[in-house]
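Have a look at the structure below, then the notes.
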Amino acid sequence: RFLKKFSKCKFLTDSWEKNWVYSEHSGKEFGKFVLSHGKFWNDPENDKGIQTSQDARFYALSRKFKPFSNKDKTLVIQFTVKHEQNIDCGGGYVKIFDCSLDQKDMHGDSPYQIMFGPDICGPTTKKVHAIFSYKGKNRLINKEIRCKDDIYTHLYTLIVKPDNTYKVLIDNEEVESGELEADWDFLPPKKIRDPSQSKPEDWDDKATIPDPDDQKPEDWEKPEHIPDPEATKPEDWDDEMDGEWEAPMIDNPEYKGEWKPKQIDNPNYKGPWIHPEIDNPEYTADPELYKFDEICALGFDLWQVKSGTIFDNVLITDDPEVARKFGEEVWKPTLEGEKKMKEVQDEEERKQRQKESKENEDNKDDDEDEDVDEEDNSVPDAEL
């Protein structure tokens with residue numbers, strides 16, 4: 001298995017910081033992670049993770065491990081993330097690096113190999129990033145994968161196989177899959193338009209043409225506007241002072257617009273012209289799109305407007321079944337417990353609001369009664 005010492009990383013005690021390194025990159029004010037199970041949980045110990053703790057901050061934290069290559073093996077990257085703050089704008093993804101990463105200087109432009117996980121900003125951006133570095137350029141997936149946008153813990157899994165296929169799972173359910181070459185722009189297209197070919201001048205691609213025998217009706221020509229036949233000259237209209245009176249114009253109900261001959265099938269129609277294609281001389285297949293020669297570090301390189309996201313259960317392995325079972329063990333009970341606790345909390349808050357509302361109403365009634373008593377006990381000035 002890959003990463004025997006790092007295959008399952010849970011943040012259970014404060015000692016987690018011994019293995020992780022904060023960036024000290026100049027010019028950035030980085031936020032701190034704290035160990036927390038959040039405001040609602042299933043198990044107060046097992047559900048602890050590292051939580052972003054400061055609003056409007058960049059976060060840069062990483063951990064190195066024994067380097068490995070996924071050559072001829074499946075690569076699985078998995079972790080849980082919980083946006084209990086009902087995040088409005090911020091990342092929830094991880095990055096994978098090679099050994100060249102300077103952990104003390106890690107920042108947004110540090111070269112990485114894989115970036116995977118959810119990203120939310122406003123009502124429109126709610127997606128799962130799946131970005132691979134290939135020949136020095138970051139390649140984004142050509143598909144839109146929607147992430148979870150609630151306040152509970154969710155499990156994100158990326159599986160990359162040696163046959164150059166992939167899967168993305170959320171909560172152990174497949175949400176996207178396919179071929180690396182088809183869904184990322186790693187390579188030039190296999191086919192290109194033949195530059196020596198062009199549409200023949202006599203190629204007729206108009207499906208219909210105006211009917212040459214169609215004639216405009218003699219009564220077609222009608223003005224678009226006509227004088228209002230119901231309008232009358234005002235009694236106080238003075239032709240000498242106001243000029244000759246003219247009725248206001250109105251839309252002509254008989255106006256038919258511009259005449260155009262009807263369309264008929266074009267007898268010379270040849271259909272749309274399709275540009276012939278040839279093999280792209282710049283295309284070369286790469287059977288190792290999936291492969292990374294050196295995987296050495298995992299990091300959180302994020303920006304968050306509203307803090308409170310909890311990361312946990314980081315797993316890197318070559319066995320999707322191990323990942324699935326581990327995910328079921330650590331994610332499913334947590335999610336179920338969180339929902340139960342949140343329901344209890346919401347009900348308690350509802351009861352508290354009702355109690356406070358009733359107390360406010362009672363206090364208001366008491367104040368009104370006191371005002372009435374004061375009015376009844378007052379003595380009119382005339383009787384003093």
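In case you wondered, yes, glycine gets a Cβ from its N, Cα and C as well.
DSSP assigns K95 (alpha-D-glucoside binding site) to a strand in the three-state reduction. Note: K95 (alpha-D-glucoside binding site) has non-local neighbours Y112, Q113, I114, M115, L298, G299, F300, D301, i.e. same-chain residues 6+ apart with C-beta under 8 A of its own C-beta. Annotation source TrEMBL lists alpha-D-glucoside binding site at Y93, K95, Y112, D119, D301.
Taken from TrEMBL, the feature compositional bias 'Basic and acidic residues' applies to 191-235 (among others). Beyond the compositional bias 'Basic and acidic residues' (191-235), the same-chain residues lying 6 or more positions past its ends with a Cβ under 8 Å from any Cβ of the stretch are 245-252, 254-256, 259-266, 268-273, 275-280.
The compositional bias 'Basic and acidic residues' feature in TrEMBL is assigned to 328-361 (among others).
Residues annotated as compositional bias 'Acidic residues' in TrEMBL: 362-384.
Marked as disulfide bond by TrEMBL: C89-C121. DSSP assigns C89 (disulfide bond) to a strand.
The region 'Disordered' feature in TrEMBL is assigned to 186-242 (among others). Residue counts for the region 'Disordered' (186-242) under DSSP, helix first, then strand, then coil, are 4 helix, 9 strand, 44 coil.
For 328-384 (among others), the entry in TrEMBL reads region 'Disordered'.
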Between Y93 (alpha-D-glucoside binding site) and C121 (disulfide bond), the C-alpha gap once rounded to whole angstrom: 13
Additional residues around alpha-D-glucoside, ordered along the sequence, whose Cβ is within 8 Å of the centroid of Y93, K95, Y112, D119, D301: G91, V94, M115, F116, G117, H129, I131, G299, F300, L302
Rounded Cα-Cα span from D119 (alpha-D-glucoside binding site) to C89 (disulfide bond), Å: 8
Count of other CB atoms lying within 10 Å of the CB belonging to D301 (alpha-D-glucoside binding site): 22
Helix, strand and coil residues within the compositional bias 'Basic and acidic residues' (328-361) as assigned by DSSP: 33 helix, 0 strand, 1 coil
